[in-house]
Amino acid sequence: MAPNLRKSHPLLKMVNNSLIDLPVPSNISAWWNFGSLLTICLLTQILTGLLLAMHYTADTTLAFSSVAHTCRNVQYGWLIRNLHANGASFFFICIYLHIGRGLYYGSYLYKETWNTGVILLLTLMATAFVGYVLPWGQMSFWGATVITNLFSAIPYIGQTLVEWAWGGFSVDNPTLTRFFALHFLLPFMIVGLSMIHLTFLHESGSNNPLGIVSDCDKIPFHPYFSLKDILGFILMLLPLTTLALFSPNLLGDPENFTPANPLITPPHIKPEWYFLFAYAILRSIPNKLGGVLALAASVLILFLAPFLHKAKQRTMTFRPISQLLFWILVANLLILTWVGSQPVEHPFIIIGQLASITYFTILLILFPIVGALENKMLNY
């Protein structure tokens, strides 16, 4: 009998073990769709980004015009740009839901998978940041200036570091050129990290909503979950195309329709919506270094998740108090996102400070305490 090429060919064998014959817990819900959705996001972004890069000029005098030219004169250039800009938003929606799923169902106990995931998040944030600078509008320029300037808060080497990153004494042509180079490079780094992420995941196998060992009840990925994932693709690509075709500038900043001008500062400098929660935490601390540390901690705190797990049960499925706390955390993040978009004045300052304190308190103090409390409750 001829050998099955899918199972014997060195390359096809890897694809087969990852996407076809992969044993998957039979009870995973739609919350497990986001890994494949993120893959689709990444591929879409790389494809549209490559097409945009063919028409883009990384020069301060030409960048803005080259983007306008792409939208006006290139065949479907407007669509490619709108898909790329809004695709970033959907990328972040998916990754935040993916992380939320991981926190809720205790997936962070697969430490290697979780840690590579957090590194992926940081890389994605860096990619989105440098990408936002490329159109060279007002918000691009001032966003780059404000965020890179934060590194000057690092004692002793800060100022040198910032000037080294800028390639001069202010954000200028060298900065734009290197940001374009980085924006082109980082997505491929994300692809590599995703493969590592997937390798670690397939070492242990997927978690499931019950958080119990599922070795006795697994089914092949194809056709069951490959088909289920296609539903997810449709449910994501439909709103993405709707947004890109009907309201492409809904999530953008009107300031970015004005070419960058170092002599005029916009009244409210703020990042894209997906960074607002971290931006609100940064702004809530009046000290520069303190703000930078809080900003870093707001994301790096995810590395601590496995060590803060004190519950005997893995998931929150049967832990009602932890569930309540989790949804309070979600609401808190939405409040932070809203506050980050508002001007720095009363009452937004105090709301931001309270929400920032709540964010760290829930993650660092309340989750472990409630986990231990629920362990006690299991004994009664």
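Heads up, the Cβ atoms here are built off N, Cα and C, so glycines get one too.
What Swiss-Prot says about this one:
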- His84, His183: heme b b562 binding site (BINDING)
- His98, His197: heme b b566 binding site (BINDING)
- His202: ubiquinone binding site (BINDING)
- 34-54: transmembrane segment (TRANSMEM)
- 78-99: transmembrane segment (TRANSMEM)
- 114-134: transmembrane segment (TRANSMEM)
- 179-199: transmembrane segment (TRANSMEM)
- 227-247: transmembrane segment (TRANSMEM)
- 289-309: transmembrane segment (TRANSMEM)
- 321-341: transmembrane segment (TRANSMEM)
- 348-368: transmembrane segment (TRANSMEM)
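Sequence features annotated in Swiss-Prot and their locations in the structure.
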| residue | record | CB count, 10 Å |
| --- | --- | --- |
| His84 | heme b b562 binding site | 20 |
| His98 | heme b b566 binding site | 20 |
| His183 | heme b b562 binding site | 22 |
| His197 | heme b b566 binding site | 21 |
| His202 | ubiquinone binding site | 14 |
- request: Output the single range from 34-54, 179-199, 227-247, 348-368 maximising the number of Cβ pairs under 8 Å to the transmembrane segment (289-309).
  value: 348-368
Query: So which of 78-99, 114-134, 227-247, 321-341, 348-368 has the most C-beta pairs under 8 Å when paired with the transmembrane segment (179-199)?
result: 114-134
- request: Determine which residues of the chain contact the transmembrane segment (321-341) at the Cβ level, with the cut-off under 8 Å and only residues 6 or more beyond its ends counted.
  value: 100, 103-104, 270-271, 273, 275-281, 283, 311, 348, 351-352, 355-356, 358-359, 362-363, 366-367, 370-371, 373-374
Message: If contact means at least 3 Cβ pairs within less than 8 Å, sequence distance 6 or more, would you call the transmembrane segment (34-54) and the transmembrane segment (227-247) in contact?
response: yes
Outside the transmembrane segment (78-99), six or more residues from its ends: residues with CB under 8 Å to it: 31, 34-35, 37-38, 41-42, 44-45, 48-49, 51-52, 67, 70-72, 117, 121, 124, 128, 131, 236, 239-241, 243-245, 248, 251-252, 272-274, 302
Task: Can you figure out which of His98, His197, His202 (the binding-site residues) comes closest in space to His84 (heme b b562 binding site), comparing Cα atoms?
output: His98
Message: I need to check the long-range neighbours of the transmembrane segment (114-134): which residues 6 or more away from its ends have a CB within less than 8 Å of a CB in the stretch?
response: 56, 58, 63, 67, 88, 91-92, 95, 98-99, 102, 107-108, 140-141, 143-144, 147, 175-176, 179-180, 182-183, 186-187, 189-190, 193-194, 196-197, 200, 271-272, 274-275, 299-300, 302-303, 305-306
